[in-house]
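Participant: Handing you this structure, nothing more for now.
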Amino acid sequence: MTRLSHQDLRRNFRQLLASDTCYHTASVFDPMSARIAADLGFEVGILGGSVASLQVLGAPDFALITLSEFAEQATRIGRVAQLPVIADADHGYGNALNVMRTIVELERAGVAALTIEDTLLPAQFGRKSTDLITVAEGVGKIRAALEARVDSEMAIIARTNAGILPNQEIISRTKQYQAAGADGICMVGIQDFDQLEQIAEHLTVPLMLVTYGNPALRDDKRLAELGVRVTIDGHGAYFAAIKATYDSLREQRQIFTQASDLSATELTHTYTQPEEYILWAKEYMSVKE
């Protein structure tokens, strides 16, 4: 079987961005899931930062995973992946210089694209965990990412949260990220097509949405018309794997013979123990939710 190189996969992803179709990502978190996604015909995969934290650390999504840990997981996936994989690179693991290091490591890992978000991470003392950095800092990160990139086929996508600022501010941010050279804009927090249309009409680069399966956005034709080329609908495959593991091990121990009535979300909550992290953040950092 002919294997596609990392550059082949990056070119394939560029073709998706240049198309007039909206594609849905498969959540890939290890080599096996990447192979399964490709075998089932998914055109693109996503390695989520939250899923990587669960997979590598068994910890909730509190920006605890390091660049090295994330890049190692991306490398494992990149060795076998035969579909383009987008890496959710969070905030680039620091300032603009850290972003440059992030680009080097993830390009070497073989990802086809990556997102750099403008959330203030990790949570800062006395600040809300959803605060955004300034536009100027966000632009600096995108420019630094482009400078650090060697393979121009690897897409650099700027990500922002459209759910916590007025539309006009989101339009201003995304236009500046576009002007800085971002290959695409990723948005989380879009509520409906009215909001999406108001923002999208000001942008010319391909769009990517984190929808988490929002029913108000379930119209691929309309999404495509508005420039959306990729949607991230969540990481259901990963949580289903947690549920299946729990049920299988419990049955093996013969404690019960029927499947658990706990949901995957409840199981994830139980075994990542987020209450401890929330307590520590409040105690030592005065983080405000």
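Cβ atoms here come from the backbone N, Cα and C positions, even for glycine.
Pasting the feature list from Swiss-Prot:
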- S50, R159, H235: substrate binding site (BINDING)
- D88: Mg(2+) binding site (BINDING)
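Can you tell me where each of these features sits in the structure?
Facilitator: Other Cβ atoms within 10 Å of the Cβ of R159 (substrate binding site), summed over all protein chains shown, number 25.
DSSP assigns D88 (Mg(2+) binding site) to a strand. Counting Cβ atoms from all protein chains shown, D88 (Mg(2+) binding site) has 22 others lying within 10 Å of its own Cβ.
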Participant: Which value in Å gives the longest Cα to Cα span across the substrate site residues S50, R159, H235 as recorded?
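Facilitator: For the residues that bind substrate, the greatest Cα distance is 18 Å.
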Participant: Which Cβ among the binding-site residues (S50, H235) has the fewest C-beta neighbours inside 10 Å?
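Facilitator: If we count Cβ atoms within 10 Å for the binding-site residues S50, H235, the smallest count is at S50.
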Participant: What is the interatomic distance between the Cα atoms of H235 (substrate binding site) and D88 (Mg(2+) binding site), given in whole Å?
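Facilitator: Per the Cα atoms, H235 (substrate binding site) and D88 (Mg(2+) binding site) stand 12 Å apart.
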Participant: Taking only the Cα atoms, work out how far R159 (substrate binding site) lies from D88 (Mg(2+) binding site), in Å, as a whole number.
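Facilitator: Their Cα atoms are separated by 10 Å.
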